[in-house]
Amino acid sequence: MKRVQNLLVAVGLSPNYHRRTYPSGKKSLVVRFYATLTPGLEDVAAKEVESFGCKVEEIRERRGRIFFSGEKSAIPLLNHFSRTLERLNVLLLRCEVEGLDDIYAAVKGLDFSFVKGKSFAIRSLRVGEHDFTSMDIARVAGQAVIDSFMESYGERLKVNLNQPDVIIRVELVDSELFVGVDTTGDDAMHKRWWRVYNHPAHLNAAIACGMLRIADWKVDESLIDPMCGSGTIPIEAALMVRNVPNLRDFAYKKLCEWELAFEPNEVRLKLYGMEKFRKHLVGAIRNAVNAGVADTIEFRQGDATEMTGEYDVIITNPPYGLRIHRKGAIERLYHSFARAAKRCMNQNSRLVIITAEHRVFANAAEEAGLQCTHERFVKYGGLLTKIMVFMI
């Protein structure tokens, strides 16, 4: 626990730290964080962060960033139990800069005592127009960390670019500089521990969870993904309700020790996954078994355009048809699927999809008699996709 305090003391030396006094008279350390996430899901992630007792201070809409404060226990809790975040950083510094000299001075002014005896690496990001690169930022910031530690402790810190003990994020967005300690690591949170089979176009797990929250799916409602691929949506739905954490190792474990305690909820759910191709169906079942939720998901082989039954919530990530010669096939698929989905819906059912071909699907849904009740753009990789919700 002493190592935890070392990290937080470093935060305490910046203006981004205060102590909160509770009625009992006890004082609790409150830390400022910034998290990165899928652009377009900021409000969804903010609500999730608040459910962990954190206070959201700023939401950067469509920029994939939220800023908030919370107790130090938020570090393991959010890394393991957040469903929609990508990366959690302890915010060391946030300021305006004009160039590389300002970046060097800002970083050099921080206390890096928490890196003592450890290796570190800078991970840099640059957004906007500048006369230097992100590599220049990493070089200058790295030298600033080394110089700061040398002046304070007379030792040279070890640099390890491949497997550092501590990752320091130095990110410049236009003229605003953010410096933080990455508690997640190089692999973002959406890389789930349970995935042993990858569909060639599998859905980002954090986006899948965002869609579940946008759908306002409830535990007693039936849910199907009729084009489930490797099973991401029903698997994440089961893990969310059963309170199963992301069991990966995260970067914070090299800075502090925390015992992960959780009590899974063994509730049985009405979850269904349908997939046209047997290879992917078998892969989805393997993923569900590895996640420990195969007992509550019914997988079946079938065509989404011929789905039957009645479901409260339908959530899916259909093919986008990015190759020109598939455009016609995608239009036919969307029209057939929209009609099939409507047949399986009641007056309270919701159909939630994500696609880059949102105009095509909107037309298909309208022709099928579905009403769009919600839509939002979401940046998925290099694509501008749209999540849409439809009802009868």
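Keep in mind that glycine also has a Cβ here, set from the backbone N, Cα and C atoms.
S-adenosyl-L-methionine binds His199, Pro200, Ala201, His202, Leu203, Ser230, Gly231, Thr232, Glu275, Asp303, Ala304 as Swiss-Prot records it, and from the list Asn243, Asn290, Asn317 the residue named for this site is Asn317. As a whole number, the greatest separation of Cα atoms within the S-adenosyl-L-methionine-binding residue list His199, Pro200, Ala201, His202, Leu203, Ser230, Gly231, Thr232, Glu275, Asp303, Ala304, Asn317 is 19 Å. Sequence-distant contacts of Gly231 (S-adenosyl-L-methionine binding site), defined as residues of its own chain at least six apart whose C-beta falls under 8 angstroms from its C-beta, comprise Asp225, Gly273, Gly283, Ala284, Ile285, Asn287, Ala288, Ile297, Phe299.
Residues in the domain 'THUMP' (73-183) partition by DSSP class (helix H, G, I; strand E, B; coil) as 40 helix, 38 strand, 33 coil.
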